[in-house]
Amino acid sequence: MKTERVNVNVNNQPYPIYIGENLLQDKSLLQRHVKGRQVMIVSNETIAAFYLDPLKAIYQDFQCDTFILPDGEQYKTLEYWERILHKLASCNHHRDTTLIALGGGVVGDITGFAAACYQRGVDFIQVPTTLLAQVDASIGGKTAVNHPVGKNLIGAFHQPKAVIIDLNTLNTLPEREFKAGMAEIVKAALIKDEKFFTDLENKMSALLQRNFIFLQAVIKRAAEIKRDIVNADEKERSGERTLLNLGHTFAHAIERLLGYGQWLHGEAVSAGLVLAAQLSHRKNLLDFESLQRICRLLTQISLPIHFPKSINADELLSAMYMDKKVANERLHLILLEDLGHAVVSDQVDDRELKSFLENG
C-alpha cells in the first residue's frame with residue numbers, strides 16, 4: 001500500500017498528515033520531524049502495551065522519556081496535564097524537545113496542551129491510534145483538558161509538526177471504539193461532501209470489516225475536509241471552523257451529564273448528529289429522506305440515534321449553555337440545509353429548543 005499524504009498549512013505553519021501501513025516501523029519518518037535530541041512519548045496504559053516499546057526503539061539514540069496515562073476520558077484533566085509538565089521539567093527537557101502523542105483523542109488533546117504550555121510552546125507529533133483521533137482529534141491544533149463544568153473548557157490552539165496515521169493500529173482497536181470513530185467520518189461528509197456521504201453508504205459494510213484500502217481512502221477524505229476548513233479558519237473567527245462542531249453541542253452536553261467515559265465521544269456525536277438533523281428538519285431546512293438516510297447509516301454502524309432516557313430536556317438544555325459556541329448568551333447551533341451543506345444558526349430560541357428536546 002502506498003502511503004498517502006495530506007498537506008496542512010495553517011497560518012504559514014505547514015505540516016503533513018501521513019496515512020499508511022507499518023508507519024510506526026519507519027525510523028526515517030518518525031525521526032524526520034524531531035528537531036532536537038529529546039523526546040517524550042505520552043500514551044495510555046492500553047496503547048502502551050501494544051506500541052510503546054517499538055516506538056521507543058526508534059528513539060534509542062535520543063533522550064526518550066515516557067508518561068503513561070490511565071485509559072479514559074475522565075483522566076483528561078488539569079491534574080494529569082500538570083503531571084506531564086512536571087515530568088518534562090524534572091527530566092530537564094529543553095525548548096527543542098518534542099512530545100509524541102501515542103494514543104487516541106484524550107492522549108492527543110492533553111499532550112498537545114502540555115506542548116503548548118511547556119516553556120511557552122514546544123513541538124509535538126500526533127500518532128493517533130483510534131479511528132476517531134485519526135480523522136478528527138489529531139488534525140487542526142485544538143488541544144484541551146476537561147473541567148467539571150464542561151468539556152474542553154481549558155486549552156489552546158497548537159498545531160502539531162506532523163500527524164502519522166498507521167492503519168495497523170486499527171487492528172488492536174476494540175469494536176466499540178472503531179464504530180465510535182465512524183461518527184466523525186459521517187460528520188465530515190454531512191458538513192461538506194454529499195458524494196462522500198453516498199460513498200459511505202455504499203462502502204460501510206467493507207469499512208466495518210476494516211478493509212484498509214477503503215479505510216485509507218475515507219480517512220484521507222475526512223482529513224482533507226477538516227484540513228480545508230482549518231486552513232481557512234484556524235481559531236473559529238469566521239464561523240467556517242464552527243461547522244466542524246455539527247452535533248457536538250448536543251454531544252458534549254450528553255457526555256457531561258452522563259459522566260465522562262460513560263459514552264464514548266463518537267457515540268455522543270452520533271446522537272448529536274441525529275438531533276441536529278431532526279432539528280434541521282423541524283425548521284424546514286432538511287428534507288425527511290435525508291434525515292432518514294442519516295439515521296439508517298448510523299444505525300448500520302450500531303451507533304446511538306437517541307439521547308439517553310436518563311437525561312431530561314431541562315438538564316440537556318442547561319448543559320448545552322456551557323458550550324463554547326454560546327455567544328451573546330445565544331446558542332449557535334450547526335444545522336443542515338442538505339447532505340453535505342452545514343450552516344451556523346442562532347435562530348433557535350430556548351422555548352423552541354426545549355419543546356424539540358421534549359417532543360422530538
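Placement of Cβ uses the backbone N, Cα and C atoms for every residue, glycine included.
Small disclaimer: the values here were computed from a predicted structure and weren't measured.
Zn(2+) binds His248, His265 as Swiss-Prot records it, and from the list Glu175, Glu184, Glu337 the residue named for this site is Glu184.
When the CA atoms are compared, the binding-site residues lying within 10 A of Gly105 (NAD(+) binding site) are His265, out of the candidates Glu184, His248, His265. A Cβ within 8 Å of the Cβ centre of Glu184, His248, His265, the residues given for Zn(2+), is found for these other residues of the same chain: Leu132, Asp136, Ala183, Lys187, Gly247, Ala251, Gly266, Ala268, Val269, Gly272. Cα distances from Glu184 (Zn(2+) binding site) to the binding-site residues Asp71, Gly108, Thr130, Thr172 are smallest for Thr130. Neighbours of Thr169 (NAD(+) binding site), defined as other CB atoms within 10 A of its CB across all chains, total 23.
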